[in-house]
Amino acid sequence: MKTVSVFGSTGAIGQMIIDIIFSELDKYQVKVLVAKSNIQLLAFQAKLVNAERVVITDVNLYRELKDLLLDTNIKVSAGDDGMIMATSLDVDYAMMAIVGIAALVPMTYLINSNVKVIALANKESIVCGGALLLSLAKEKDVKIIPLDSEHNAIYQILADKGHKDLEKITLTASGGPLLSMDYEQMKYVTVQDTVKHPVWKMGKKISVDSATMINKSLEIIEAYYLFSIKAEKLDVIIHNESVVHGIISYIDGTSIAFMSVPDMKIPIMYSLSWPNRSAALCKKLNLALYNQLTFMKPDIYKFPGIKLGFEVLKTSNVHANGIILNAANEIAVNAFLAKKIGFLDIVNIVYETLNLVNYGRINSLSNILDCDAISRKVASSTIDKLC
């Protein structure tokens, strides 16, 4: 039986992880579930999968959560102390589904603990942690398996084929919920428009990132770090059906494409089953059901956010600029969701923040957090000028 911890269990990805664990409960022993504020769902999940512990990061909700679990033997913790405890547990698999840079410090704690595998649904911690985080993981012999469908696809191909004779890695993009809109229509996009993704079930923040295609910029930087690949060997293509998740091309003109139905349960199952594979818990791919698979170049005019990742990789300080990009985007997306700014303002605010913040070399976790804090302050100030 594998021991598992789940961070961000009440989010969109976290809920899928819980569903899979529950469907094969005889295979997993859940040591701890961690959530931010959804105590009702957290308590329900804990009972469902027989978790030993739960952690709520909002300390003000500790007593209420404790009351919800009075009839159980489940231990309850809260706040920073609870998070430190959760990351120090001896587990085989840690599932990291916390959104944004908030996952970075817990990731660092996890790598320094006795965890063997971290399944990572959080691209921001790689973008911000960069080579520092991955070097620490290598030093501690911790395997990081990406849960993003695109990076998981590339990870699986490389696990089998390696980097030999590799010419290019192509990440696919669904195009998001606004693909068919023209630029003029995008001036009037609402929050509701952006969170209706045509293919994937996602949380609000990642749905907006998909709509701006800044998610693909973050994924380009993530791939740069995860796969130790040069920027010029990375590419993005729009693939609306989301059947092909990643493509590796070789110097002899051949390519290997990773294909599956668009279901996040597939990379989650892969990570939980690694180094083996388990029987599918979702529909299997039947290409006969598809009349066609389409591919197109991204429209840079409509979606300038997709260029940001490549532009960051061209700079002399990739690490700091990746942190700045991520911080500005998180602030801008939150402002858009709060209806303080328009949709097209998001990318403009990120560009403006990248132009205004000039941070030095990143040599430590404290540097990362400092650069992030400065960037958030600048992005917030830029937003205030618009409001």
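Glycine residues also receive a Cβ, built from the backbone N, Cα and C atoms like all the rest.
What Swiss-Prot annotates here:
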- THR10, GLY11, ILE13, ASN38, ASN122, GLU124, GLY203: NADPH binding site (BINDING)
- LYS123, SER149, GLU150, SER174, HIS197, SER210, ASN215, LYS216, GLU219: 1-deoxy-D-xylulose 5-phosphate binding site (BINDING)
- ASP148, GLU150, GLU219: Mn(2+) binding site (BINDING)
Practice item. Write down the Cα-Cα distance for GLU219 (1-deoxy-D-xylulose 5-phosphate binding site) and ILE13 (NADPH binding site), rounded and given in Å. Key: 17
Practice item. Could you measure between ASN215 (1-deoxy-D-xylulose 5-phosphate binding site) and ASN122 (NADPH binding site) for me? Cα positions, answer in whole angstrom. Key: 11
Revision key, fill the gap. Running the binding-site residues ASP148, GLU150, GLU219 through a 10 angstrom C-alpha radius around GLU124 (NADPH binding site) leaves GLU219
Revision key, fill the gap. Of THR10, GLY11, ASN38, ASP148, GLY203, the binding-site residues lying within 10 angstroms (C-alpha) of LYS123 (1-deoxy-D-xylulose 5-phosphate binding site) are ASP148
Practice item. Note the Cβ centroid of ASP148, GLU150, GLU219, the recorded Mn(2+) site, then list each other residue of that chain whose Cβ lies within 8 Å of it, in sequence. Key: LYS123, PRO146, SER149, HIS151, ASN152, LEU171, ASN215, LYS216, GLU222, ALA223, GLY246
Check your understanding: CA-CA, which of the binding-site residues GLY11, ASP148, GLY203 lies nearest GLU219 (1-deoxy-D-xylulose 5-phosphate binding site)?
Key -> ASP148
Check your understanding: Which number gives the other C-beta atoms within 10 angstroms of the C-beta of GLY203 (NADPH binding site), all protein chains shown included?
Key -> 17
Exercise for review: Translate the DSSP assignment of LYS123 (1-deoxy-D-xylulose 5-phosphate binding site) into the three-state scheme.
Suggested key: helix
Point to revise | Listed in sequence order, residues with CB under 8 A of ASP148 (Mn(2+) binding site) and six or more positions away | key: ALA121, LYS123, GLU219, GLU222, PRO267
Exercise for review: Would you mind checking how many other C-beta atoms are within 10 angstroms of the C-beta on ASN215 (1-deoxy-D-xylulose 5-phosphate binding site)?
Suggested key: 26
**Study point:** THR10 (NADPH binding site) to GLU150 (1-deoxy-D-xylulose 5-phosphate binding site) - Cα separation in whole Å
**Key:** 23
**Study point:** Count of other CB atoms lying within 10 Å of the CB belonging to GLU150 (1-deoxy-D-xylulose 5-phosphate binding site)
**Key:** 28
Check your understanding: Can you tell me the three-state DSSP label for ASN38 (NADPH binding site)?
Key -> coil
Review point. What number of additional C-beta atoms lies within 10 angstroms of the C-beta atom of THR10 (NADPH binding site)?
Key: 22
